[in-house]
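As recorded in TrEMBL:
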DOMAIN    9-125  domain 'Gfo/Idh/MocA-like oxidoreductase N-terminal'
BINDING   VAL16, GLY17, ARG18, ALA19, SER44, ARG45, ARG46, SER77, SER78, SER79, HIS80, TYR98  NADP(+) binding site
DOMAIN    133-243  domain 'Biliverdin reductase catalytic'
BINDING   HIS280, CYS281, CYS292  Zn(2+) binding site
Amino acid sequence: MNAEPERKFGVVVVGVGRAGSVRIRDLRNPHASSAFLNLIGFVSRRELGNIDEVQQISLENALSSPEVEVAYICSESSSHEDYIRQFLNAGKHVLVEYPMTLSWEAAQDLWKLAEQKGKVLHEEHVELLMEEFAFLKKEVVGKDLLKGSLLFTAGPLEEERFGFPAFSGISRLTWLVSLFGELSLISATLEERKEDQHMKMTVCLETENKRPLTWIEEKGPGLKRNRHLSFHFKSGSLENMPNVGVNKNIFLKDQNIFVQKLLGQFSEKELAAEKKRILHCLWLAEEIQKYCYSKKP
């Protein structure tokens, strides 16, 4: 990516919430990967006119314009599948914020569609680009896990927009799978107090070596965004996360990966391994959802 770009890919950003705004900022600033991209405009359901001199364009124009070759999907999760399908069918490359879809089957279909169209379909996973994850990866490598747990707390989240907690919390699942390999679902429960906007999902997972991992998502008013983890190994324990520094430019790092894919700089083996991991996490999220719903009275 150090070479001078021979051409620029025209980009449209769909959705201008937190992620979309950061994407627009990164596209407008001079970075190595941004040199290969040309921000044409943004799509939003709200009438905004323009943001920082970036023009709003209609979805129809974004889909039909030959100038637009790439779509960044940064809308709420419930709309991802539809947008990805439309842009792939229109012959555009797609970068989408996680989770790609709220269904494992839909994700498989979309990947097949991307392959048929010869387009890049990239699901962002900034949680794997965080300093905390880099620290954990180093700590875990080569160690024999006995048992572990990961608890995440945060304020309430609308399920209609962001999906069942196993999907809206898929970045935690991605951490566990990336650290310990493919997992099996043993059991899952969901406790909800809708009148208080409170929910707690408890998931019991197992590694391929039959080691137990517990994943808990708890959301409600007044709960601070926080991660608590505890991993016990034969050689010692890791309890909670030390302060390992600020996560700088994680969306930009993700954009760098996406541009490398556009330029054909990822091997088939790397792409296949990433796709396998993403589909495994989406499959697990769906199994957790089914398990919780099957246990509802």
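Every residue gets a Cβ built from N, Cα and C, even glycine.
Shown on the structure are the features that TrEMBL records.
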residue : record               : Cβ contacts under 8 Å, 6 or more apart
VAL16   : NADP(+) binding site : ILE24, PHE42, SER44, LEU48, ILE51, CYS74
ARG18   : NADP(+) binding site : none
ARG46   : NADP(+) binding site : none
SER78   : NADP(+) binding site : LEU102, GLU160, ARG161, PHE162, GLY163
HIS80   : NADP(+) binding site : ILE73, VAL96, GLU97, PRO99, MET100, THR101, LEU102
HIS280  : Zn(2+) binding site  : VAL177, GLU182
CYS281  : Zn(2+) binding site  : ILE170, LEU173, THR174, VAL177
CYS292  : Zn(2+) binding site  : PHE164, ALA166, ALA188, THR189, LEU190, MET201
Original post:
By DSSP, how many residues in the domain 'Gfo/Idh/MocA-like oxidoreductase N-terminal' (9-125) are helix, how many strand, and how many coil?
Top reply: 47 helix, 29 strand, 41 coil
Original post:
In the domain 'Biliverdin reductase catalytic' (133-243), how many residues does DSSP put in helix, strand and coil?
Top reply: 30 helix, 49 strand, 32 coil
Original post:
Among VAL16, GLY17, ARG18, ALA19, SER44, ARG45, ARG46, SER77, SER78, SER79, HIS80, TYR98, recorded NADP(+) binders, what is the largest CA to CA distance in Å?
Top reply: 22
